[in-house]
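In Swiss-Prot this protein carries:
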type     : residues               : note
TRANSMEM : 52-72                  : transmembrane segment
TRANSMEM : 161-181                : transmembrane segment
TRANSMEM : 202-222                : transmembrane segment
TRANSMEM : 236-256                : transmembrane segment
BINDING  : E259, E261, D278, E281 : Ca(2+) binding site
TRANSMEM : 282-302                : transmembrane segment
TRANSMEM : 325-345                : transmembrane segment
TRANSMEM : 396-416                : transmembrane segment
TRANSMEM : 417-437                : transmembrane segment
TRANSMEM : 452-472                : transmembrane segment
TRANSMEM : 486-506                : transmembrane segment
TOPO_DOM : 507-687                : topological domain 'Cytoplasmic'
DOMAIN   : 551-612                : domain 'CBS 1'
DOMAIN   : 628-686                : domain 'CBS 2'
Amino acid sequence: MEELVGLREGSSGNPVALRELWGPCPRLRRGIRGGLEWLKQKLFRVGEDWYFLMTLGVLMALISYAMNFALGRVVRAHKWLYREIGDSHLLRYLSWTVYPVALVSFSSGFSQSITPFSGGSGIPELKTILSGVVLENYLDIKNFGAKVVGLSCTLATGSTLFLGKVGPFVHLSVMIAAYLGRVRTKTIGEAENKSKQNEMLVAGAAVGVATVFAAPFSGVLFCIEVMSSHFSVWDYWRGFFAATCGAFMFRLLAVFNSEQETITSLYKTSFPVDVPFDLPEIFFFVLLGAICGVASCAYLYCQRTFLAFTKTNKLISKLMATSKPLYAALAATVLASITYPPGVGRFMASRLSMREHLDTLFDNHSWALLTRNSSPPWPAEPDPQHLWWEWYHPRFTIFGTLAFFLVMKFWMLILATTIPMPAGYFLPIFIIGAAIGRLLGEALSVAFPEGIVAGGVINPIMPGGYALAGAAAFSGAVTHSISTALLAFELTGQIVHALPVLMAVLAANAIAQSCQPSFYDGTIMVKKLPYLPWIRGRPINSHRVIVEHFMRRAISTLARDAALEQVVKVLTSTDEAEYPLVESTESQLLVGIVQRAQLVQALQAEAPARASGQQRCLQDILAGGCPTEPVTLTLSPETSLHQAHNLFELLNLRSLYVTSKGRAVGYVSWVELEKAISALTNPPPAK
């Protein structure tokens, strides 16, 4: 029953709900409502986006800090248990392995039972969404809890599994951004806008990185490089504003909790500012970049191959389909057993956390020179003042432990990436790169113990600077991004190695991008997610191939004057999601697009008229309310493959019709583009 409506006394005749008249204090409530409307208008005069973006940054900072706060205590509890359980090797081994195995099993089982979209990094799927593909339920807020709980359990394993949180945090941030975007449309009464939604998603991705590393600048640039091929300058301020709010709040919480005296960088370094490196060292930094580029190609190939193997192998694929927690437990058992400190873990600094790994690798002292004449002890517990002692072994030396660490973490990280649970893979890659740089820096410090003479001034070589460059170069090569150089500077708060680090990153990217797809693109390929192959920089002569060579010519058109029986015949004989609407069967002039679902619904409503024997055509259905979409963009048969590819990337298109003098002559979608690019990159053998 509709609510009765009356007239307010003394009013001009505008109707008012009787509930408002009969409610208590009607004038007071009207005044409060009017005041709120006035406040809303004043606040939103500067743009409502500011408030939602600030809310996004603050929320993600609170979540990130709360997760770090809780996980720090869980990890300390594990270390306490391992330390206090006694001298029995069996008990110590069980305390070291059972703890992460239980957490990983729960993480995999819980997250996968709630939603299958919560596993993995999340960035490959987000990249697919931002390219125009709709992945149902992937950004639903119900996935948020599963991702948070699963990620917390993953991170609680510490450095045993050697996994991070960048990717999942980007996914979490984007989910909140999508939710806030829906709240925004309801608050201001605006219709949903696809482009506006994408703007919020891009800002959310930047906030995810910024609230992990407290690095707003590199957070925005990293997300632009990794997730989109084209980026609107208009979105820059949204990303930077939200990322700055998130990073500021994240570091401010550390000050409030008395962890820091003021807002500082996450990883403190002490590189000399006057002469941080000698000019001849530039060559070794570029060499380091080349080494990282080659190593990244090997890693990307092995990781993609092994991930594909787990999906094609009958035993593993069956295990993954029926019991993901069991596979996760088996993999975690292998990884935890290897890192057991009294065993193999002694030679790879397994007692250090991932944060302590970076803190020690960025140390500017040469460990090889410090241990040349003396052997530091291996204490029962890591010494906070001498954490680098964990990297030393009398027989292996510094070089042996660093090399062994790299070899073991190389394949252990590949194995960890196959575990179906929420986990990030950027920070482990960053640490591996730092170890590569540290190894080269230690070798140079031994080869040149007095430093490299340049202009009569002798300056000792700092392996920490090479570790910084290696971290940026290897992570940048794996992800095909340059912004990792800026991330390294924001993490350490120093920019004295700006040029050598950037040169190392460029050298590594030059090799990696010419040989292998990025980590995220490779994952998209293995998971068989919809994606548009990239062609920029590839010598495939895409300018010489035109649309006429690869377009789909067989298209089912619907003419305005077509009889309904003919329309029904087309619908039953094809399964297209949309159909091109032409002026007439003879002219084939493209005038619009009609969606299949809406056309079927209109035909079902028209069924009684058709049963009465009335002769009706498609034009009558369209005039009766069946909506059509205008054709805003088409391709010409003479358009090159390169131009068509750029249009699809720039506008996030899924398909376009091809017209010649207004006539619909073909159709191009991702499928046709992918086949055309594949034919150029892998041409068929000549007969």
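Even glycines carry a Cβ here, placed using N, Cα and C.
Structure with Swiss-Prot features highlighted.
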residue: E259; record: Ca(2+) binding site; Cβ within 10 Å: 13
residue: D278; record: Ca(2+) binding site; Cβ within 10 Å: 19
residue: E281; record: Ca(2+) binding site; Cβ within 10 Å: 24
Among the ranges 202-222, 282-302, 325-345, 486-506, the one whose Cβ pairs under 8 Å to the transmembrane segment (396-416) are most numerous: 325-345
By Cβ distance under 8 Å, which residues at least 6 away from the ends of the transmembrane segment (236-256) in the same chain are close to it? 49-50, 53-54, 56-58, 60-62, 64-65, 199-200, 202-204, 206-207, 209-211, 214-217, 219-220, 223-224, 262-264
Please report, as numbers and ranges, the same-chain residues at least 6 past the borders of the transmembrane segment (325-345) whose CB is under 8 Å from any CB of it. 89, 92-93, 96-97, 100-101, 104-109, 112, 157, 159-162, 316, 319, 351, 408, 412, 415-416, 418-421
Residues in the domain 'CBS 1' (551-612) grouped by DSSP into helix, strand and remaining coil: 25 helix, 16 strand, 21 coil
Looking at the stretches 52-72, 161-181, 282-302, 486-506, which one shares the most CB pairs under 8 Å with the transmembrane segment (202-222)? 161-181
Over the span of the domain 'CBS 2' (628-686), count residues by DSSP class, listing helix, strand and coil in order. 23 helix, 16 strand, 20 coil
